[in-house]
Amino acid sequence: MTTTLQQRGSASLWEKFCQWITSTENRIYVGWFGVLMIPTLLTATTCFIIAFIAAPPVDIDGIREPVAGSLLYGNNIVSGAVVPSSNAIGLHFYPIWEAASLDEWLYNGGPYQLVIFHFLIGVFCYMGREWELSYRLGMRPWICVAFSAPVAAATAVFLIYPIGQGSFSDGMPLGISGTFNFMIVFQAEHNILMHPFHMLGVAGVFGGSLFSAMHGSLVTSSLVRETTETESQNYGYKFGQEEETYNIVAAHGYFGRLIFQYASFNNSRSLHFFLGAWPVVGIWFTALGVSTMAFNLNGFNFNQSILDSQGRVINTWADILNRANLGFEVMHERNAHNFPLDLAAGEQAPVALQAPAING
């Protein structure tokens, strides 16, 4: 019997590149999604920083009244923002080469589109990269599923909402005060506080914070003692150790007696699934709510829904909220609303004093 040994030919440059891209031995995993993620996020970050510092005022409402958003034009960290592209641009794709000059591109808010489009592509690829690394390591894919919640929220406010409203000028400004302005105007125009999907999102975020604090404090309070009183309890854990670092039975017994037995998980896996799923599902619903309100399927309207025997309105908190909404609405984009028909909040003029008789 003869055995022939043949030396394997050296890998091509492309094969070496592919091996490096998909290698899990790199300090930071790149992956094929990373090939697109890295340049897009770098572009979005670079443009955002430059625009936040030095961009000239933007004609956001399309009425030749520019709004300054950068630091060099008088803003601070809190009031500054990358101002959304002009209402005169609407939903048109507005890259630099579509403008007659760089000055025109800046005046019409071109940097906003550049930032959000590259940012969205980047976070989509980041989510895909999470799946890709999980796949390479033989892990389950739930990390990218959890990250899909903030991705959905960002997509809703930066892409879906402007599409529904017909202009990228309605997108969320890229700044602290701009975010608050977006929230207030959103409430005025869509009554988001009265939308059940927003309520589910609030329950998801606040509930997730509560459950996280409860879980962390329970675990910290039931650690297995491995150190003396003079040492930090953190030294009692060695990375990769096989034994449990806390007593789940003690934690279960404590919480079961504090509330009631079945309020406490006795399965660590189902507990951590719950901790992950609760806020994710809540944020999914909020993103879905914003996406439906983008097309003006708004929150509940209970205005003037309670009348006395004489037909007079008995105000509820819904009516108080409506008055706040009207105040928000009348104060935003003041010069763009020449005929604010949506603020016709005066006394109603009766068009028929009594219903006509129908003989049938």
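Don't overthink the numbers, they just go from 1 along the chain as shown.
Cβ atoms here come from the backbone N, Cα and C positions, even for glycine.
Feature annotation from Swiss-Prot assigns transmembrane segment to 29-46, 118-133, 142-156, 197-218, 274-288; the stated evidence is sequence analysis. Positions annotated as chlorophyll a ChlzD1 binding site by Swiss-Prot, on the basis of sequence analysis: His118. The pheophytin a binding site annotation in Swiss-Prot covers Tyr126 and is backed by sequence analysis. Feature annotation from Swiss-Prot assigns site 'Tyrosine radical intermediate' to Tyr161. Look at Swiss-Prot and you will find Asp170, Glu189, His332, Glu333, Asp342, Ala344 tagged as [CaMn4O5] cluster binding site, backed by sequence analysis. Swiss-Prot lists His190 with the feature site 'Stabilizes free radical intermediate', giving sequence analysis as the kind of evidence. Per Swiss-Prot, the feature chlorophyll a PD1 binding site maps to His198. Marked as quinone binding site by Swiss-Prot on the basis of sequence analysis: His215, Ser264, Phe265. Feature annotation from Swiss-Prot assigns Fe cation binding site to His215, His272; the stated evidence is sequence analysis.
Structure with Swiss-Prot features highlighted.
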| residue | record | Cβ neighbours (10 Å) |
| --- | --- | --- |
| His118 | chlorophyll a ChlzD1 binding site | 20 |
| Tyr126 | pheophytin a binding site | 19 |
| Tyr161 | site 'Tyrosine radical intermediate' | 22 |
| Asp170 | [CaMn4O5] cluster binding site | 22 |
| Glu189 | [CaMn4O5] cluster binding site | 18 |
| His198 | chlorophyll a PD1 binding site | 22 |
| His215 | quinone binding site | 17 |
| Ser264 | quinone binding site | 18 |
| His272 | Fe cation binding site | 12 |
| Glu333 | [CaMn4O5] cluster binding site | 16 |
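In terms of local Cβ density within 10 Å, His190 ranks first among the recorded positions His190, His332. Below 8 angstroms of C-beta separation, residues 142, 145-146, 148-150, 152-153, 155-156, 197-198, 200-205, 207-208, 211-212, 215, 265 of the same chain, each at least six residues beyond the ends of the transmembrane segment (274-288), sit close to that stretch. The record gives His215, Ser264, Phe265 for quinone. Within 8 Å of the mean position of their Cβ atoms, the other Cβ atoms in that chain belong to Met214, Leu218, Ala251, His252, Phe255, Leu271. In the three-state DSSP assignment, the secondary structure recorded for the residue listed as 'chlorophyll a ChlzD1 binding site' is helix.
Listed in sequence order, the residues of the same chain lying 6 or more apart from Phe265 (quinone binding site) and placing their CB within less than 8 Å of its CB are His252, Leu271, Phe274. Of all the recorded positions in the list Tyr126, His190, His215, the shortest Cα-Cα distance to Asp170 ([CaMn4O5] cluster binding site) is found for His190.
Here His332 ([CaMn4O5] cluster binding site) is compared against the recorded positions Tyr126, Tyr161, His190, His272, and the shortest C-alpha distance is to His190. The maximum pairwise C-alpha distance among His215, Ser264, Phe265, the residues recorded as binding quinone, is 11 Å. Cα spacing between His272 (Fe cation binding site) and His215 (quinone binding site): 9 Å, rounded to the nearest whole number.
Here the Cα atom of the residue listed as 'chlorophyll a PD1 binding site' is found 11 Å from that of His190 (site 'Stabilizes free radical intermediate').
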